[in-house]
Amino acid sequence: MKPHRLCMTHHLVLSYGLHQKMEIYRPHKAYPIELAQFHSADYVEFLHRITPDSQHLYASELTRYNLGEDCPVFDNLFEFCQIYAGGTLDAARRLNHKICDIAINWAGGLHHAKKCEASGFCYINDLVLGILELLKYHARVLYIDIDVHHGDGVEEAFYFTDRVMTVSFHKYGDLFFPGTGDIKDIGEREGKYYAINIPLKDGIDDTSFTRLFKTIIAKVVETYLPGAIVLQCGADSLARDRLGCFNLSIEGHAECVKFVKKFNIPLLVTGGGGYTKENVARCWAVETGVLLDTELPNEIPKNEYIEYFAPDYTLKVPNLNMDNLNSKTYLSSIKVQVMESLRYIQHAPGVQMQEVPPDFYIPDFDEDELDPDERVDQHTQDKQIHRDDEYYEGDNDNDHDDGTR
């Protein structure tokens, strides 16, 4: 989960020139009050306060908030949370304001975090925060999760409402983390039938996974009619992942992204798990290409991290030769049960839309008001929006000093 895998992804995206086909923004760091739209204020405050040097003073709080073991306290933990959560919040707002059709935050997707505690290296649940933001403008939001682990934090947050449908494809059984996500878990009260779990066994391959995925998601979209979709693309469902146990190729994983994109519904895409970092970077670069309708050459261009992709320096990673423990009978029974649940949803739920709550005020600055003699520090500069035109090359390069600008 180290940010290094995000650096590798970023450099792959740049080396393939994908940045020239989209707008790139530096998100704001989420404010504590924004994080507290889902998380309890005392938990947010504790994350803000705790440091590796001071943690020995807070033994009971560490236990209460589940910090330690899988959720270690590290330097700049809170800033780390602010950055990835800010990315997902800004992505949701851009979709809400129709500034874009698709927004990507590969740093987001930390789906295990709960209202009052961390879980599975997830401290702040950016997905829940992003969905809450989308609900300001959309009556219904569909959440899809293809991480190898169950999207328990997101499901739990919306378990009692019909305004969010959660669909999670994950490994289930054998005491696999987090241990939730049985097909029988379908939501409760107003949310009954609006949580869908697809529990899978070891070794599922591209053909089995994509066939099941397309069948279920097509029916979900047709039945639920979401106004926006959030897609969590955890890459630990790939073959060769250090923690995962599925046998998906990057092409198989990306096929799911391609399928969701075709609905032409406002789409927020995030990362998630993924513990063989060179394959995580490969996967998310390919999926960035898919979202831009761009097929990438298999040979990886030279970039700062090229040696991590040795010895072949290629994008494609072959599947493993492993048994698929998901029989056709088992997968068919899952499909039947899910379709049966969807039958209970007679039509998409309506919602009485009230006045839309305002987006949080994000302090900005006016360049004209800046004192030209006063040095602008890097942190202030970083708050500026970074657009794709700052990466132009050739005649359009903003750095060209041709006397015309």
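Including glycine, each Cβ sits where the backbone N, Cα and C put it.
Look at TrEMBL and you will find His112 tagged as active site, proton acceptor. Feature annotation from TrEMBL assigns substrate binding site to Asp70, Gly120, Tyr275. Residues or ranges marked as divalent metal cation binding site in TrEMBL: Asp147, His149, Asp236. Residues or ranges marked as compositional bias 'Basic and acidic residues' by TrEMBL: 373-389. Annotation comment: TrEMBL describes 390-405 as compositional bias 'Acidic residues'. TrEMBL lists 1-289 with the feature domain 'Histone deacetylase'. Look at TrEMBL and you will find 355-405 tagged as region 'Disordered'.
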Asp236 (divalent metal cation binding site) versus Gly120 (substrate binding site) - Cα distance in angstrom: 13
Least Cβ-crowded entry, counting other Cβ within 10 Å, from the binding-site residues listed as Asp70, Asp147, Asp236: Asp70
His149 (divalent metal cation binding site) to Tyr275 (substrate binding site) - Cα separation in whole Å: 12
His149 (divalent metal cation binding site) CB neighbourhood, other CB atoms within 10 A: 27
Long-range Cβ environment of Tyr275 (substrate binding site), under 8 Å and at least 6 residues apart: Met1, Asp236, Asp241, Arg242, Leu243, Gly244
Confidence summary for the domain 'Histone deacetylase' (1-289), mean pLDDT rounded: 97
Inter-residue Cα distance where the pair is Asp147 (divalent metal cation binding site) and Asp70 (substrate binding site), in Å: 17
Cβ-centroid neighbours of substrate site Asp70, Gly120, Tyr275, 8 Å, sequence order: Met1, His112, Phe121, His149, Phe177, Leu243, Gly273
Which listed residue (His112, Gly120) has most other Cβ within 10 Å, given these are recorded positions: His112
Beyond the site residues Asp147, His149, Asp236: chain residues whose C-beta lies within 8 Å of the centroid, for divalent metal cation: Val148, His170, Gly234, Ser237, Leu243, Gly244, Gly272, Gly273, Gly274
Largest separation between Cα atoms (Å) of residues that the record links to substrate, namely Asp70, Gly120, Tyr275: 14
